[in-house]
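According to TrEMBL, the feature domain 'GST N-terminal' maps to 8-100. According to TrEMBL, the domain 'GST C-terminal' annotation covers 118-275.
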Amino acid sequence: MASQRTTEPRVKLYWLNESRAQRIVWLLEELGLPYDVEFFYRDGNMQAPPELRKIHPLGKSPIVTITLPDPADPTKQKEVVLAESGVIAQYLTEQFANGKTLLPKRYRDGQEGQPGGETDEWLRYQYYLQYPEGSLMPPLLVGLILQILKGPKIPFFIRPITSSVADKMSAAFLIPELIHHLDFLESQLETSPDNGNYLCGNDLTTADILMSFPLQLVRERGAAVHDARGKDRLADKYPKVYAYLKRLEEEPGYKRAEAKIKELEKRKGQTQTPRKYFS
């Protein structure tokens, strides 16, 4: 007798340390989807290993593969390969949320399918699916590059010059950009629909999950912004942003995702651990 074939999707996450992949673990936990994790670790130059390119040509993480019945022939299996955090998050949520509040209601009652009939929550959700990678991450990546210019990878005899350049670029561009984004996010949280605790209202959405990583990086850059603000502490200047980030890190799904990765690493005998902004 042939074995019974399941229609449940099989999800595999290709996880890389110190990357955006941890958000996808969190999302999978929230969705309640069974999933496997394959671990990859950066080399001494913080580059992803070339093996990831066998899964997707760019070799970046996160990457997700989903194995499920082929709609054209349900007797066969089809594998969907997804890359880019926003694409992965949007696809998983739209296909597998099954009524969960991770995906806000799109239309107001009686206005289904009408342009302009969208809810405020859904419009915010669409924006914040794109904002973390499209707007907030670029200056943070500049910040990481500036840190390298001041670090031990630069020969010591030219490091004073590169450090001076990095400091000037930070003062002229990075710090003003971070302050601009923090001002914006503080105002967005103040105007969240129904006075909600999340960016799109009262419920945690996939967009909030995507926001966690760049906000943790912002917190890492907090000392530089603090210097620009003088005596103001960031937690005092942006209380809603910092309460929001703390709320995200206290989410049960966030903690389950963190524990899941630590347990899987332990089973595999890995000694490397994520950076502190995953903790």
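Yeah, the Cβs are placed from backbone N, Cα and C, and that goes for glycine too.
All annotation found in TrEMBL is predicted automatically rather than curated by experts.
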May I have the DSSP-based helix, strand and coil counts for the residues of the domain 'GST N-terminal' (8-100)?
28 helix, 32 strand, 33 coil
Can you check how the pLDDT averages out over the domain 'GST N-terminal' (8-100)?
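So the average pLDDT across the domain 'GST N-terminal' (8-100) works out to 92.
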